[in-house]
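**Student:** Take a look at this one; I'll ask things after.
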């Protein structure tokens, strides 16, 4: 059997009982280590699970998937994913490869940012398309995520923004020279994400474009959801540029139309006076 097992969002103890039983039964256990991270790292997981873990980086998962699935038709193999196994499309590819190879598989789900984001007080069914924000470089500054956020807001929907993670990445120079030298890990913060969005807003305003969001748009900064030290900060986009929510992982929510109950919940984590610009139109709550 090939197992895809979600680990949840907090620490080693967030694995389900079913997931832990499967881990202990497997001959090989891989830990996916490039789409997310878990508090405590590999060593804490090994101590709690009582098993040695094989770290699976992007190259192994995307280029050498057959190595992960090797012998899974005659022995149990587990692939551990922080959050839920289907939080990244790469893991769907593993399932398809297993099916094509005649290997039975089983998925053991867990909490992920996609449902845990509800802790901020926004109702899950009022979210639109989820977007990813990537680190800009000197020569690559994509803005497509801004347009998708605006599309959600036009429909009154909130937007969950997943922030970039750089683990075991090579510089362009080392990649071109074939050197296996990797850059230090980087995790985009809420402040960095907010700053990129503000830059887009300012550029498009200067070009006379009608704006779908502004520096005063109500947002929610999230850090380390599921951990004991999780942080939820409700503030304007501009205020979040200067916020420090601590260590990774961070996520950002751009609000759309707000239900009165959502307003009450957001006030629990709001910066002082940040909710003063709310008003009601046709029975619905909006942020001006």
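Quick reminder: no glycine exception, Cβ is built from N, Cα and C everywhere.
Annotations for this protein, taken from TrEMBL, read as follows:
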{"type": "DOMAIN", "residues": "1-240", "note": "domain 'Tetrapyrrole methylase'"}
{"type": "BINDING", "residues": "9, 84, 87, 112, 113, 163, 225, 250", "note": "S-adenosyl-L-methionine binding site"}
**Student:** 113, 250: which of these binding-site residues has the highest Cβ count within 10 Å of its own Cβ?
**Tutor:** 250
**Student:** Restricting to the record's S-adenosyl-L-methionine-binding residues (9, 84, 87, 112, 113, 163, 225, 250), give me the longest CA-CA distance in Å as a whole number.
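**Tutor:** Binding-site diameter by Cα atoms for S-adenosyl-L-methionine: 17 Å.
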**Student:** Is it possible to get the count of other C-beta atoms within 10 angstroms of the C-beta of residue 9 (S-adenosyl-L-methionine binding site)?
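**Tutor:** Excluding its own Cβ, residue 9 (S-adenosyl-L-methionine binding site) sees 24 Cβ atoms within 10 Å.
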**Student:** When a 10 Å sphere is centred on the Cβ of residue 84 (S-adenosyl-L-methionine binding site), how many other Cβ atoms does it contain?
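**Tutor:** Result for residue 84 (S-adenosyl-L-methionine binding site): 24 other Cβ atoms within 10 Å.
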**Student:** Give the sequence-ordered list of residues that share a chain with residue 163 (S-adenosyl-L-methionine binding site), lie 6 or more positions from it, and have CB atoms under 8 Å from its CB.
**Tutor:** 132, 133, 187, 188, 189, 190, 192, 193, 249, 250, 251, 252
**Student:** Which residue, of the binding-site residues 87, 112, 225, has its CB surrounded by the fewest other CB atoms within 10 A?
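**Tutor:** Checked 87, 112, 225; of these binding-site residues, fewest Cβ neighbours within 10 Å: 87.
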**Student:** Averaged over the domain 'Tetrapyrrole methylase' (1-240), what pLDDT does the predicted model reach?
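**Tutor:** Its mean pLDDT is 89.
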